[in-house]
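Features of the protein shown, as given by TrEMBL:
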TRANSMEM  C:6-25  transmembrane segment
TRANSMEM  C:37-58  transmembrane segment
TRANSMEM  C:64-84  transmembrane segment
TRANSMEM  C:96-115  transmembrane segment
TRANSMEM  C:135-161  transmembrane segment
TRANSMEM  C:192-214  transmembrane segment
TRANSMEM  C:220-238  transmembrane segment
TRANSMEM  C:245-265  transmembrane segment
TRANSMEM  C:271-289  transmembrane segment
Amino acid sequence: MIRLEKRPEPSRGFAWAAPILAVIATFFFGGLLFAFLGKDPVQSIVTIFWQPLFGEFAFYYRPQLLIKGAPLVLIAIGLSLGFKAGIWNIGAEGQYIMGALFGAGVGLAFYPAQSAMVFPLMVLAGAFGGWVWAMIPAVLKVKFGTNEILVSLMLVYVAEQFLASMSLGLMKNPEGFGFPGSRNLQQYASAHNAEIVADTGMHWGVVAAIIAVIFAYVLLARHRLGFAIRVTGDAPRAARFSGVNPSRLILFCLGTSGMLAGLAGLFEVSGPSGVVSIDFNVGYGFTAIIVAFLGRLHPVGILLAGLLMALTYIGGDIAQSQMGLPAAAIQVFQGMLLFFLLAFDLFTNFRLRLGRVEVA
Amino acid sequence: MTALLSLSGLTKAYPGVIANDDVSLDIAAGEVHALLGENGAGKSTLVKMIYGLVMPDTGSMAMNGAPYAPAEPRAARAAGVGMVFQHFSLFDALSVAENIALGMEHAPKMRELSRRIREVSDTYGLPLSPDRIVGDLSAGERQRVEIIRCLLQDPKLLIMDEPTSVLTPQEVEILFQTLRKLSAEGTAILYISHKLEEIRSLCDSATILRLGRVVGTCVPRETTARDMAEMMVGKVLATPTRATSQLGDVVLSLNGLSLPSPHAFGMPLRDIHVTLRAGEVLGIGGVAGNGQDELLAALSGEMTAGPGMIALKGEDIGRLGPTARRVRGLLSAPEERLGHAAAPDMSLTENAMLTGAAREGLERRGMLDWAAARSFAKRIIAEFDVRTPGPGNAARSLSGGNLQKFVIGREVLQRPDVLVVNQPTWGVDASAAAAIRQALLDLATGGAAVIAISQDLDELMEISDRFAALNEGRLSDPRPAQGLSVEEIGLMMGGAHGMEVAHV
Amino acid sequence: MDLSVINPVLLIAALMSAATPILLAATGELVAERAGVLNLGVEGMMIVGAICGFAVAVESGSPALGFVAAAAGGALLSLLFAFLTQVTLANQVASGLALTLFGLGLSALLGQGYVGVKPPSMPDVNFGALADIPILGRILFSHDPVLYFGLALVAAVWALLKFTRAGLILRAVGENHDAAHALGLKVVRIRVLAILFGGACAGLGGAYISLIRVPQWTEGMTAGVGWIALALVVFASWKPWRVLLGAYLFGGITQLQLNLQGAGVAIPVEYLAMSPYLVTILVLVILSADKSRAPASLGRIFHASS
């Protein structure tokens, strides 16, 4: 019989090995899935993970890596702060939408004035929009003890309806011949989040994501607040005893993650997407949950995991157009990754022992 | 006469530790047999094997001469073994009858069960209403639930694991009457304890364990407590000493401290008045669950109090949080080591930072100085003889005694003006306990005031200048500890809770 | 706008139908939570149940078989959650989220060939003359069998928890798993069964949407019903009859806003469509003051050695 035995200390080695093992297991079972769908598994994996980086058209796909990776990393960094402390914001998708709406709203309000102040104002508005949306579950949790998981999630659906209302109503392009959707911000220079270096995918959202990674790293490693987050995650009573104010921590974690998700939305709507439309949000807020866990809630890990996830999006698109691999297969593939990670994580705190069953 | 239960050569090893090494003993029907030993001597593992919770690696057991090897508690109960746990295995939100039904193989219908509960509780003088919710019961009443649960199954052997640690002296006497009556009816009792006088008054024979091995047997009534203690500990322990010191000014005063409990089944604090002088040790006794956790939380700052309720050196600190109180010199160490006093998965360095940040200068404008925290952790480890490879190890990897020395050391080394500790030596081996008590006394000698909350009366009598008891969230008037009799202490603790003397 | 097109009798009959998916899923989750397991994967199990039920009903031509398949599909997916949380001791919140994300993807994959297909319809139960009673007949005796099954399920779960030893054991495990273990109860086994039950119920609820309420298959069609079901368990203070009450409340709001949309009320459609989610938040706020009824071991990881 095999039994589990708790390690005296968490294994540092396994904490990093688990995501790698999860990726390997996902390659294997994902390959099986692709084979089951009638696709050549090896070719599928190569198409998804090799072609975007080193294939014939890599010059086109590599910038995409940053464009898709930046919002994932930005959102996941925010989520990881809360997740570490046991504060579960799973409504980043809604905060992402609200950030985009607030930011685009400011931009559209100035149209067609040309000023260097427009874009910075939009950035502030975007951050504020996401922050406000996240403060709803935060304040309700602090004031009434309401479950933040359910409230933040419910607010995603509310935000989606809000987005629909805006793109069909208030923000609809008056010169759009009746088509839904706003003016294209890419064509409004003062509001455009353009590439900083042409053809690299490097836009302001990428800069923000890198700053967020550094900020989170310093916060968690060296600052009192980061320490408070880590202690709360390990032992909430010990944190309270040491002087952490749980309410303030909830406000900070949810507020920060909302702000970063709002920024991600703003950089997306003013850059790669350009328009406020019904199908503006594509699930970055949910995929970022996978990114946060896959990155072990560690800033550097999240950076790597975000790039990996961006790769699956880009490679998935290629596989879809070249091999007819359904888009949903990629979604399953991403879900699998999280499953395997959670399963392998067992070995961080436990080890297997061969021997008799133990009941004590 | 064949023994009711006979153990021979039981051995059980866990990684890194042999919990039981070749343990043999016999228990006859109707015998009250004491299993005596320090914390960590292997008593718990041994009874878990008898109760089917743990399988022995080698060795065998026999019940009435037939082989006995219970694979699970159900089998043990079927064979006539009942067990009253030290930490009650009860369900707070369920009723007494439901709790009892859960522990029975063939529970009768609820109405019939309630009738039988009343019957047994009358017979053995253990009054208990079947319909009450267990979370609302006192510790003594909860123990009765467990005892009745066992008695309903007509056990041939009843295992009692440290049963008196949650009782007032009066309640202990009533329990003993019940146990003597059971023994007279032919039920064997395996009585686990480290309290020598209890064993001398109750038990027919005793087996003494040390480090997992049987180191001796004796007839307790014919053996002195001192001899048993030496067998148990293996060496003569130094009793803590302190230089007599002059009491200083009043440093802490509680004026009508009243607070609701934050937990559903907790105990509110009710109008507590007490003053504490520099250099004084105030011992606070009482049965668990009478407001100990709440008092510590109210003093540590985890719960804030109303204006004027808590004054430290004349300053009203009732509204201040834990960090602000630490800065002003009021430090504390809660009962629960893992998860409250220390974060289990974090290193000792990080745990040193946990409470030491402000007073030890480990933090500058929000930025943490890990090098300084590490040297503070090293200092605690060195000065309090904490056995660990180093400050990088996780708190949960330490043994209970070592972690407790670390927790107490962390607070003592911060030179508190007032230190509040709850259960400072609970579950700690004797040498570590002695070291911790000595550290508390030295602290008081150095001019600090100490509040020691504990359920170990012997400990409190040993270190306290004055003694008070918590009962239902109220604190009795403190009295000088010297010369207090057991009866007086018992009455301060509230006598026998909700219970007339057994009709034996 | 013409509110007179809203017929109160039809509204009540329709709200019972609108409430059934939430009712089924919430009842299943209630059992899991009473055993101490917080499964946030309800949405994922529902959507997988929706497509499994839909596909099997279309292929076999039998809606009844479809519902059986939906229950099996939901349970199978919940087995993944059971494995993660009970065997590999993973965090229940993270595992539940993983289950939902995975379920959404899996259902989209399975449902590729079924977009735009019409499923076989399930006939209503024939109560004969009872259905002709004015008003009551329309409200009580004109529904499909699954709706009645949902009501029976609530009654059965209530009776199980209140009167049986199995129910007592389930509650004990959810209340204090360490004490339950010390008494020799099989904590992990009981929890796995409760999770499977929750998965099967969620699957049924999902299939009720794809086979009866809508009836067709679109990606993500459960649209948060699984999350509302989770909120409902809190609303109900973990009591079966209050789940029924809550489900009808939410069913009523959903149905009413649909009817108002149909009646052409001056409020924009998007704001009406927000209302069930906003009401859920409101109810959570009002009821979250009292958490004392929650099973004490809810969401905690159990390992026998600790």
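Glycine too: its Cβ is placed from the backbone N, Cα and C atoms.
The structure displayed is predicted, hence computed values, not measured ones.
Contacts between the transmembrane segment (C:135-161) and the transmembrane segment (C:192-214): present, as 3 or more C-beta pairs lie under 8 angstroms, all at sequence separation of six or more.
Under the criterion of 3 or more C-beta pairs below 8 Å, with sequence separation of 6 or more, the transmembrane segment (C:37-58) and the transmembrane segment (C:271-289) do not qualify as touching, having fewer than 3 such pairs. Remote same-chain partners of the transmembrane segment (C:271-289), defined as residues 6 or more beyond its termini with a Cβ less than 8 Å from a stretch Cβ, comprise 224, 227-228, 231, 234-235, 237, 246, 249-250, 253-254, 257, 260-261, 265.
The stretch from C:6-25, C:192-214, C:245-265 that makes the most Cβ contacts under 8 Å with the transmembrane segment (C:64-84) is C:192-214.
Beyond its flanks by at least six residues, the transmembrane segment (C:6-25) meets 42, 45-46, 135, 138-139, 142-144, 146-147, 150-151, 153-154, 201-202, 204-206, 208-209, 212-213, 222, 225-226, 228-229, 232, 243-244, 246-248, 250-252, 254-256, 258-260, 263 of its own chain at Cβ-Cβ distances under 8 Å. Beyond its flanks by at least six residues, the transmembrane segment (C:96-115) meets 38-48, 50-52, 54-55, 58, 77-78, 80-81, 84, 217-220, 226 of its own chain at Cβ-Cβ distances under 8 Å.
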